[in-house]
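Pulled from Swiss-Prot, these are the features on record:
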- A39, G40, H41, D58, F87, D108, Q115: S-adenosyl-L-methionine binding site (BINDING)
- 350-359: compositional bias 'Basic residues' (COMPBIAS)
- 339-359: region 'Disordered' (REGION)
Amino acid sequence: MVDVANIHLPVLLDDCVNLMAPALEHENAVAVDCTLGLAGHSIAFLKTAPQARLIGIDRDSEALGLAAERMEREGLADRFIPVHAAFDQLDQVLTDRGIERVDAVFMDLGLSSLQIDETDRGFSYSHDAPLDMRMDVSQPLTAERILATYDAAELVRIFKEYGEERFSRQIARAIVAHRDKEPFTTTAQLNRLVDEVVPQAHRPAGNPAKRVFQALRIEVNGELDKLASTLPQAANRLHVGGRLVVESYHSLEDKTVKSFMAQGLRVDVPAGLPVIPPDAQPFFTDLTRGAIKADEHEIAANPRSASVRLRAVEVSRDIPSRWRKRFTQTAQGLNDINIQGSASPGRAKNTARIRTRRG
């Protein structure tokens, strides 16, 4: 049996529970954990809110099974609904279960320790493994396929946009030149190539390939598009008084979360108007006053918490219909990208074209 409790330590657990709990105090409250993983956060939510039910979504079937077993052992299975899906299918998951509104939505965007430590998934640059990087192994797109089929311009774009890699062009050119002689099949091959390309004097702390690995993982799984699609779905599904709580682990995720939440935290009128109409008032309340970070004690106990940023908002009034419509259109457009991207290696081109049309 896998020792789940020792594999994965939930990040900022007390803060997350304190943010979620007030929305789950009433009878028949419903919470959604969009990134269930090994259920560390969700178990704490259910223990704190004994009247609540929780829907746990995860695209990793292995993690979902382990989480369900853990819920059974904790005596919480009767209030837990596991769902095998990507979190950007939130609307469909709730519709299929006849649920119109929920009370709290939680997202922990970090990789689980199970995924990082599993040697055959290729998420980590610390040991050799196949270039896979899929969170859902039923999906066709892998890191190996990207490195074999994307042209240099596509590789530059994902390394620059998703990895913020300074040497994107040099790495992309080296990949294209190398694959003509020998295909990339393992993480060790990619590690060696990046090590040869990135100058010693300009390397970030740690492994020089970490940004390339991050970029490939985001591209394989469509992570940022899925996040940008899920946030508006979550907002549209929350009751007034409902809460959206999100943990992110790199700047691209945090920027996406911060930008989305900011839409509901500001007055929706041009500057200088003498009177602000009621319908233009903010519809979110900032619960974290920016972002909560892990303190030195948590980082010492759980080094993977070092980069976390926790943000949360409460729906303070009915979201105006124009905003609901805007959220729905955003989610639908990005879901179309994800459907196309998961079936072909052209995700980068599809996304780029959509973003260009939107300006």
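Indices start at 1 and increase along the chain as displayed.
Cβ coordinates are placed from backbone N, Cα and C, and glycine is handled just like the others.
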Number of Cβ atoms other than its own within 10 Å, given for D58 (S-adenosyl-L-methionine binding site): 27
Packing count at G40 (S-adenosyl-L-methionine binding site) (other Cβ atoms within 10 Å of its Cβ): 23
In three-state DSSP terms, the structure that D108 (S-adenosyl-L-methionine binding site) belongs to: strand
